[in-house]
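Trainee: Just dropping this structure here.
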Amino acid sequence: MMSAEPRTVSTPAPSTPIIGVIGPPCSGKSTVARHLESLGGVWLNADEIAKSQLSDSAVIGELKSLFGDSIQMADCSLSRSRLADLVFGDDEASHARLRQLEGILHPRTRKILQSEIAKAKSERRPFVILDVPLLLESGYRDTCDEVWCLQVNPDRHQQLLASRGWNTEELERRSARQWSWKRKQSASTRVISNNGTEEELRRLVESELASVLQSK
C-alpha cells in the first residue's frame, strides 16, 4: 500500500549530489527512482529522453538516410513499429542497425542529461536521480556521486520476472552484454535489498537518502 502522504526533503543540500540507480529487471528500480523524485529529486530517465528524440525531425532525417523512407509515415512522423522491426531482430544485420540507432540517440541523450544536470546544480536542487540503462558500462560512473544498486533474492526475483512475463532467453541475452551483477554491486556505493514490502523499500530509500544529504 502507498503511504498516505509523501515525505519531502525541505532543505536543499549545499551541493546537488547525483545518485545513479541501477538494478536488474523487476528489482524495483523505477519504484525507487519515483519515490526519490517525490522526495524532491530531479529524475533524469535516459530511456524517456532517448524516446523523445524519435520525434525530432533531424533525428528522423538521419534515420531515413540509414534505413530508408519506409520508416516514415504519411504525416512525416516516425513509424516506431517499423523501426523496431529493423533493429530488434536476432540476426547480425539487426544488431548492426541497432548500433547505428544507438550511435544517433546516445550522444544526443548524453548531451541532454549533461544539460539537465547542470541546470539542477545551478538551481541548487536537492539531488538528481540518474536512471540510465547500463549506467556503469556506458561511462556514467564518474558523473555520479553515488550509485545505488538494487538487489533481490534469486527466488523472489524469479517470481517477479515470471509474473511480469519476462522471457528467460531474452534476459540471458541482455545479461551477456553487460557486467555481472556481482561486479556492478562491487562498483556501487550502496546495495539496497528489495526483499520486503514496497513500504519497507521506500523507508530504506529515505534512510539512505538522509545519509547522502547529511554528508554533503
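Every residue, even glycine, has its Cβ placed from backbone N, Cα and C.
These came from Swiss-Prot, pasted as-is:
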type    : residues                                 : note
BINDING : Cys26, Ser27, Gly28, Lys29, Ser30, Thr31 : ATP binding site
DOMAIN  : 18-216                                   : domain 'DPCK'
Trainee: Among the binding-site residues listed here (Ser27, Ser30), identify the one with the smallest other-Cβ count within 10 Å.
Mentor: Ser30
Trainee: Given a separation of at least six residues and a C-beta threshold under 8 Å, show me what packs close to Thr31 (ATP binding site) in the same chain.
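Mentor: Looking at Cβ-Cβ distances below 8 Å from Thr31 (ATP binding site), excluding near sequence neighbours, one finds Glu198, Leu201, Arg202.
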Trainee: On the 0 to 100 scale, where does the mean pLDDT of the domain 'DPCK' (18-216) fall?
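Mentor: Average per-residue pLDDT within the domain 'DPCK' (18-216): 94.
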Trainee: If you take the centroid of the Cβ atoms of Cys26, Ser27, Gly28, Lys29, Ser30, Thr31, the listed ATP site, which other residues of that chain have their Cβ within 8 Å of it?
Mentor: Gly23, Pro25, Val32, Leu150, Asn194
Trainee: Sorted by position, what residues of the same chain at least six away from Gly28 (ATP binding site) have a C-beta under 8 A from it?
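Mentor: Spatial neighbours, sequence-distant, of Gly28 (ATP binding site): Leu150, Val152, Asn194, Glu198, Leu201.
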Trainee: Does Cys26 (ATP binding site) have same-chain partners at least 6 apart in sequence with Cβ under 8 Å from its own Cβ, and which are they?
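Mentor: Within the chain, Cys26 (ATP binding site) has Cβ neighbours under 8 Å at Val152, His157, Leu160, Leu161, Arg164, Trp166.
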Trainee: Compile a sequence-ordered list of residues in the same chain as Lys29 (ATP binding site), six or more apart from it, whose Cβ lies below 8 A from its Cβ; state 'none' when nothing qualifies.
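Mentor: In sequence order, Val21, Ile22, Gly23, Asp131, Leu150 meet the Cβ cut-off.
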Trainee: Reduced to three states, what secondary structure does DSSP give Ser27 (ATP binding site)?
Mentor: coil
